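To start, the structure itself, in structure tokens.
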Amino acid sequence: MNTQIFFKWLSIFFDPLLKKSHLNSNKNFLGFSGGQDSTFLFIYLFIINLIKNKSYIILHLNHLIQKDNFYYTLNNSKLSFLFESHYHLSAPMARLTNEFKSCLWRYSLFFRIAYFYIYKSIWLAHSNTDYCEKFFLNLFRGSANFGSSFLKFKKKFDFLLLRPLLNISRETLKKWIIFLEFPISIDCTNRVIFFSRNRIRFFLFPFLKYFFDQKIEFKITKVNFLTIEYLSYFEYVSKQLFFFLYSKQNLYFLMPNIIKKFFIKQFLKYSKKSFSNNEISFINNNLFKNSNVNFIKKLL
């Protein structure tokens, strides 16, 4: 009975996502940690493998920062053996001291393997809760709002980076895993309050849900996505407006310096070189002294 309910729920929720992803290739791999989210996605991909005859490779990125990581490796290898899936294990050459370096190492490895083996898609088990945690981490660190914009359902490089669980909260996944009795291993570091992410998870989220809204995660995600869309549109408009202002130089000179520098910053974002405030001021002062844009091209 549990299996029938599970298949019915999968067909209702995941079919639109599969149509959206346009997966026609048999070369796909899953970034696997062994937690409840990735285990849920792994079993789902196993079912798709049986139904649609697709091949999925499991890539377990082990940070090797604690003894429990070795037990996760053992558990994940048993799962891959049980489901007859290809299993690959990767470990860093040097110690990863913080979350930023760990994230950079993981994604660099994803891209390298995808390019080397010509994989067409990478599946990651980020949930809606992960998205909100990333948003608050960036907020408390003073990072840009775009720091959490990478957590999208689909991101296209030369391959597809897919996150089909992004519209599901971790609490919902946990209920399904308990109901279906899926085998999972618990990461002990998820309960260590020393880490900022865990303080957000165990203190901030319950507070927001109790005093504001039980679905606060989805509300935050919706607002953040709208903000990203507005900023992307504003970036496009500012770029087009820059070239218009270049043709109407008198209009440009009537604008405040802070607005001038903003348009120049938006234009220079597409350069491979980073510019300081002094260099931007220099460009602003010398921008229209040349009769063409060769001056700008030399700077880029």
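Placed from the backbone N, Cα and C atoms, the Cβ positions cover glycine too.
Just so you know, TrEMBL annotations never went through curation; they're auto-generated.
According to TrEMBL, the feature transmembrane segment maps to residues 29-51, out of the candidate ranges 29-51, 98-120. Summed and averaged per residue, pLDDT over the domain 'tRNA(Ile)-lysidine/2-thiocytidine synthase N-terminal' (28-201) gives 75. Cβ-based neighbour count (10 Å, all protein chains) for Ser33 (ATP binding site) stands at 19. Within 10 Å of the C-beta of Asp37 (ATP binding site) there are 22 other C-beta atoms, taking all protein chains into account.
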